[in-house]
Every structure is written in C-alpha cells, then in structure tokens.
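Trainee: Okay, handing you the structure first.
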Amino acid sequence: MTKFIFVTGGVVSSIGKGIVAASLGRLLKSRGYSVSILKLDPYINVDPGTMSPYQHGEVFVTADGAETDLDLGHYERFTDTPMSRLNSVTTGSIYQAVINKERRGDYNGGTVQVIPHITAEIRDRIHRVAQDTHPDVVITEIGGTVGDIESLPFLEAIRQFRKDVGRRDLAYIHVTLVPWIPSAGEMKTKPTQHSVKELRSIGIQPDILVCRCDRPLQAGMKEKMSEFCNVSPEAVITSQDASSIYEVPLMLEREGLAEQVLDILQLEQRQPDLTQWQRWVHQLQNPSRRVEVAIVGKYVRLNDAYLSVSESLRHAAASADADLQLRWVDAEDLENGDPATYLDGVDGIVVPGGFGARGVDGKVAAIQFARDHQIPFLGLCLGMQAAVIDWARNVAGLDGANSAEFDPETPHPVIALLPEQQDVVDLGGTMRLGLCPCKIQSGSLAQRLYGEDIIYERHRHRYEFNNAYRSLFLESGYCVSGTSPDSRLVEIVERPDHPFFIACQFHPEFVSRPNHPHPLFQGLIKAALGSDLTLVDPAPLPAETV
C-alpha cells in the first residue's frame, strides 16, 4: 500500500522544499523503496509553459510532454526516476478541471465550491499518482509558504487527506528557517514557532521539522523547538547551507531524516546504499583540473532559467574530474560589442534555447566566434537554429537569412514553422513536446557520443530546419547527423572540420543525471579539456517511457 508524505514550507519562500523532497526521495530509493514526487503549485496558470523565465525560471519538460516547474528536474535528477504530467499540478489546472466538470453537468446542479469540490480534485490528483505507477511512497511538495492565501486550498486538501488514507500511512514535513541574528549573536526559533502555529491553525500538525540554517543549530535548540512545536527532538532535522545541492541527501541522512520518516510510516528500516551518490559528491568536490564554459543566453540575469543546462554541465565536468566554471554571457551584449570581449579564454560555448528575436543575433555572433576560433560548441533547440542561421549568413552567403519566427519576410527562411503548427492559435501546451525518436547517422560525431543508432530525446519547439536548404547545407561541408525516423525533420547538425561543433533541436539537458551525464554534454566537456573524444564512453541514458 502506498504511503504519502507532504512537504510544506514556512517563514520565507525559496526555502528549499524541492531539494528536501528530492533528497528524501533519493534516501528512500537508496533503501529499495520506489518513489514518485508531486509538485502542487498555487499559481492560476494552467502550467508554466507561457510564463516568462524571469517570473518562473526554467520550464522543465517531462517525457510525456508536460511543461512543468523546475523542481521536477530536481526530482528526476535526484531519484533517477522519470516524472510525468501527473506529477505537476497547478491551481489553474485544478480550477480548469472543476469548471469543465461543472459545464458537463457532473455536479448534478449543485453549487460548486472550494470545499468540497476544489479540495476533492486536489486529493484526486494525489491519489492518481499513486494509482498510476504504484510507488511505495508518494512525496508531495506544496508550493508557496504557509500563510499565503493562494496555498490554502492545497493545505486544506492535505489536511483532509489524512481521512482518506489513515494516520499511519501519512507524514507531514515542514521546512522552516532558523535565522542567525548578528546583532544578538544567536539563532532564533521564533519564526519557526509561528510558522508551525499557523500550520496547526489549519489543522495540520507536522511530524518532522527540517530547519534551514547557515550554521549548526546551537545547543538546546532542537529540544526547544520540540517542546514548542510538539514534535520529538529526533524529528527536528538540521539542513545547513551546503556548497552543492548534491550534498544535501548525505547531510539529511546523517541527521536521520529517512529513519524518522520510516518510523512514522511504519515501514521497514533498511540499510541505505548511498555508495554511488557519495562517490559522485566526492568527484564533484575534489576535481584535479578546471574547465570554463560560457552559456550565451537571453535570460542570464536569472540563472535558474537555464538550470538543467548548468546542472548537465556540472554532471559532465565532475565525471571528467574537472571543476566547472560558468561564464554567463548576455546574448544582447554580443550584438553591440566584440564577442572576443566576452568569450576570450573560454574552453567551450553553449547556446541554449529560448523564444523571440531579442538576443538572437548575439547568439549567432557567439556561434560564429566558436566556429572561427575552433572552440568546442554545443547548441540546444534555439541554439541549433542559430547555428543554422550562422551557416546561412556567414558560410553560404545567403544575405538576410533568418528564422521565419523572427523575420516573417526574410528572403531565406532557413528555419520554418512545423507544418502541424500552421493552424495553431493557442500558445499554451501546443508545441512539439516530449519524447521523440531520432535516427543517428552512422560514423557521425553524434553516433560516437551516443553509441546508438536510435535515440529518444525531449522536445519543446514550433520551428524546424527548412528542408528546402538541406542540400545546400550538406554541400557546404555541414552534416545532418540526426533526423526523425522518416528523415523529414532535422534533429542534429554538425561541422565535421571542427574539433567539436554539434547542435540539436531537442533538449538533452532534461535527461542528464549525476550518475548518467548526457553524452552531448560529456563530449563538450571532453573536447573543452582537450581530451580525445574516442575516449568518451557512451553513458546509458535513463530509461524513458516511449
């Protein structure tokens, strides 16, 4: 029978609930328990697909094509378990479902209310995750902060959930802040006490407190919070700031978080096997060399907009025994200045995805710089499209070449709208999304990196390489090394006369894992370090549901 864990947050936002939930998932999985993690987001958007990266950060795409919160990326990377659209729920999607039911007459003329109808829909979504994959444990993270108006229906739903499954099959974890007050020279528990008081006023008594702090809790503080918050001293868990998020599972293991959870849920206490994770963290913390990679993007003022990209580079660098240094470069700066000012000295360049014309010419300039100076280059989604635009303008001599997305009147639309997108009106959830197969050309760099003839990768785009220019592209020395199985859609392009120049239409960053660095990122880092690419051992990618 599935057990349920609910993770709430108090005192401040961005307190790290997602990392705590993901870390707990890793600790339970290391004990042989299967885990699925669900995120409840209180915003009214149906999904984050149309939200600005500056508002929301990265949009993480699941294998089944859901556009979700970046926390699902943490869940997948920490647990090495693919999530689905069932693992992402927003207030908007809940209200949309309830209103659709009302329009169909499912409520038999009754008055539709937050309680019981909205809360019942929320509970049903949680049950659905358990029914879909039958995990041993479902961990649910509730977005927002206790006390927010937006979160109240979710909190009420998880309070009611106790009646659905019984007290022995459910645990509440509250992540809170214990700040250090410099003027007083001590840490304060009062914010935690008030946060728990707010939670208890809703009818939820936390079983475990996870206390975020920048230093070890002072003597007697666990006992004090235990007494005031009505939890056992052993259930007051310290979560001290770490140099890397990947240290957090090991820190929480030392604090006994998993043991407390298993006790509450009356599950068997098993010995964890964290050997692989410990080895990975040791690699991360003890590199013998250094590599610097530039990420040239249009949303670099918020690094979370490219979270999976930076983490994928980190996975690959650690596996190559290298300390990763990231140089964040605003693509717009390259439109008005000399690219060398921003890119000189880097070992590799990544141009990630994005939408809209702003900064695209800067991305093209970065790619031309990488091509001219033989710097290892990896393009992702829009990064591939920008590489094609660079080829068209600067190699093939097609004046005015562009993407039809940015210039509908361009004389050379080397990037064009997918045929199936021609009549699409709505923006949300209508792109080419999720896992798609890709056929790899024998003897190509892509084939050397993947070690496979057919791969599956996640997509999020409306525009593709215009096949009217494919022959000219090939004649000018470039290679189309990956296509859809019917050869209609160009998925990977390369420049064979370059040490490492490869770009893909998909998003490989969504399937990179600490223990399985993605082959494209692994290849980039190897090339950036000057290593022989023949030594790249094709890493098996996580199993996906095709």
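For all residues, glycine too, the Cβ spot is worked out from N, Cα and C.
Annotation source Swiss-Prot lists region 'Amidoligase domain' at 1-267. The UTP binding site feature in Swiss-Prot is assigned to SER13, LYS188, THR189, LYS190, PRO191, THR192, GLN193, LYS224; the stated evidence is sequence analysis. Per Swiss-Prot, the feature ATP binding site maps to SER14, ILE15, GLY16, LYS17, GLY18, ILE19, ASP71; the stated evidence is sequence analysis. Marked as L-glutamine binding site by Swiss-Prot on the basis of sequence analysis: TYR54, GLY354, LEU382, GLY383, MET384, GLN385, GLU405, ARG462. The domain 'Glutamine amidotransferase type-1' annotation in Swiss-Prot covers 292-534 and is backed by sequence analysis.
I'd like to know what surrounds each of these features in this structure.
Mentor: Long-range Cβ contacts of GLN193 (UTP binding site) within its own chain (separation 6+, distance under 8 Å): MET225, PHE228, CYS229.
Same-chain residues at least 6 positions away in sequence with a Cβ under 8 Å from that of SER14 (ATP binding site) are not found in this chain. When secondary structure is read from DSSP and collapsed to three states, SER14 (ATP binding site) falls in the coil class.
Under the three-state DSSP scheme, GLY354 (L-glutamine binding site) falls in the coil class. Long-range C-beta contacts of GLY354 (L-glutamine binding site), restricted to its own chain and to partners at least six residues apart, with a cutoff below 8 Å, comprise GLY297, LYS298, TYR299, CYS381, LEU382.
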Trainee: Spatially, and counting Cα to Cα, which of the binding-site residues is closest to THR192 (UTP binding site)? Options: GLY16, ASP71, GLY383, ARG462.
Mentor: GLY16
Trainee: Find the one among the binding-site residues LYS17, THR189, LYS190, PRO191 whose C-alpha lies closest to that of GLU405 (L-glutamine binding site).
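Mentor: So, spelling it out, the nearest of the binding-site residues is LYS17.
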Trainee: Where's the emptiest Cβ shell within 10 Å among the binding-site residues LYS17, LYS188, LYS190, LYS224, ARG462?
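Mentor: If we count Cβ atoms within 10 Å for the binding-site residues LYS17, LYS188, LYS190, LYS224, ARG462, the smallest count is at LYS190.
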Trainee: Rounded to the nearest Å, what's the C-alpha distance separating GLY18 (ATP binding site) and TYR54 (L-glutamine binding site)? Just drop the number here, would you?
Mentor: 19
Trainee: Over all shown protein chains, what is the count of other CB atoms within 10 A of the CB belonging to PRO191 (UTP binding site)?
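Mentor: 15, counting other Cβ atoms within 10 Å of PRO191 (UTP binding site).
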Trainee: Suppose you look only at the region 'Amidoligase domain' (1-267); what would the mean pLDDT be?
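Mentor: 95, rounded to a whole number.
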Trainee: Could you tell me which of these binding-site residues, SER13, THR189, THR192, GLN385, has the fewest other Cβ atoms within 10 Å of its Cβ?
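Mentor: Sparsest of the binding-site residues SER13, THR189, THR192, GLN385 by Cβ contacts within 10 Å: SER13.
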Trainee: Look at the binding-site residues GLY16, GLY383 and tell me which residue has the greatest number of other C-beta atoms within 10 angstroms of its C-beta.
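Mentor: Neighbour-count leader: GLY383.
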